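Working notes, beginning with the structure itself.
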């Protein structure tokens, strides 16, 4: 798992790793609560739009700290390929805002905690004016810890919740257990925290839960984070062509596959297949209008076709056995050349390159452009403007809330500032060195400086890899090419809370997808599951969404 | 009181009956003693069990009260603490239990659980006994110590490690499959075969824990007086007869006790081990009651339904212990307890 921007929406994890157990069963949970229906129904259901939303959202004051080397286009991040010397960095937090509170912050961590009292955390706390007592939990099983902690009477001062953990009753917990930040941030009030004011409005909008601004967002690109990677160096050497249709992909797999010499063509490609076949995103953006009627992702032909195609890769033996068993780290398997294609979060590009180039300078990977299954332009559904939020305990006193915001204002500093340099690279000399414009993290830097503070709040999306400018360029250009094909799903950008009686409705599908692509169940079993889904509440859910659609319109912005 | 055959024979021959339970004879009769006296007499013993009792109370009995959520539509997040949340959650009677009856996944989990239990009982249970006999047959203490150490070792590996080792050995890209491929044969993948999964986890369990299970049996064997062996050897009993008439009877009470305990745990067939390999073979082959409760309750937040499944599991487990204990008594063994 990559420290930078973890996992796909509504997926608890990305890479296979045996320490992890995903997903959920529980199909057929009873429908106990009374019917509410519609956004105006029961408490905490539906979404917030219109004037009510406008009154809540913070003002937007863009940051002018630095101009990116590759400016954002088509929903991509800003790209940075260079690093300024420390004395030329801008300062976005001239006065320490923190009042010295001790903050207990629970956050996911993909990696090993550097431990209390390490120089990086100390320096960050000192600069922000707070003392953070981190309660880091393994990011791969974060949801399980989250549910238990939120059910206890001892909730930390601030809690990070990723969007893919919003299953079950977690949204109810967010509405009941976390503070309304509106009194501190709505409208012009956010201007006390200039870096928070520079967070794009869309990201804030997804942070509105149950009618109140409760979350501090981590903004994300509009382009998909799931990226089909290939080994560019090996492709070049062997003369493989990057595929442009699913058939070409299959044929290429056949050419590459050589288990005898420990080379498999690919890892599990289901998530890429969903894009190749134009499958709708996951809850709550999983509807499309066909002749005035809402159709769910699970009911579409595209969905079945995508699963069927992924299944064909498995049954032909192209998929690495470890991917089938979901053990081991696919990034490592890919880096060592045991698979030549895999899909992962786009930050893997940097993560894998940084490790490999230490002793293999010729290591190069690339991201293939998404294509429509039969060739031509793909339909790529736009990603949510933010998908990880930090919440503040509703019982926190004013000073604590202000100190969380002070910390957030510090961590949301944009690239090219002194604050961001400290957050992302630690202390010069200890965690990184900067010589002739080349910024390199030291071993101590790699062991101590990784995403923790990020999750408290982040600036508008950017990718800065001054140590590997070719990666920065590759990432941004890929995003801009994919961005040309973006399409907004229904309800885009809205934070929607489904009625609690439907929360278990979709739980079975993730297991079933895995069963089908791995050949343990037939594609036909999915059709059975979909008809169960309809009778168990899917059709009622459709009515609920239809009513919501009539009230709110198709998209938030 | 009925007399044993020995006593009866003794009476017939005119000699006074021999008190066979002499050891128990010095224990005072407690039935007619007032509670106060008994408390005073057993004061030290009671004090010694007190810490264990407190632990049991705090971590087992008090939490039992939390089972009320099985009769509610419980939402832990509506109030500041669990007690308030329970007070505020609506009651739904036996709705969750009715739901369970119609829940395909519950029955599948129960079926898997029982199958794995039977496999463990037939394949795993005898292994430590055989290993104990094997180790016991080594005469030189040094060889014995080394053998024991090697057998105990895997017990201290975590399940993550065990599963990884198995994946590296028997997985599709594992050592064995790869060696086969390099020599022109077909590879195989033991780790992702749903049909073999239940055997696979039993095999993993044997590898990890059979050595550890040996300890109890070795202790039982150590308690056998060497005189018995010597005497029977003098009488011309060979190795097999000695094992049949001395060693195995010595193990019998321990085997019966462990068997009863094992049956009581029939519905607890492993959690972490199975959770780790769930995706590799799919929930159809691997979901057991414990992982089902985990997924429904902790992962999906269906606390009430999970609690209902937990209660059913508990009741079933209790009935199994009582039943097995009864069977042990019928076989003339002590079992777990006796009235």
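Glycine residues also receive a Cβ, built from the backbone N, Cα and C atoms like all the rest.
The transmembrane segment annotation in TrEMBL falls on one of the ranges B:5-24, B:25-44, B:45-64, namely B:45-64. In TrEMBL, the transmembrane segment annotation falls on B:114-135 of the listed ranges B:92-113, B:114-135. Looking at B:210-229, B:230-249, the range annotated in TrEMBL as transmembrane segment turns out to be B:210-229. Matching B:184-205, B:250-271 against TrEMBL, the residues noted as transmembrane segment span B:250-271.
Of the recorded ranges B:114-135, B:250-271, B:302-322, the transmembrane segment (B:210-229) has the largest number of C-beta contacts under 8 angstroms with B:114-135.
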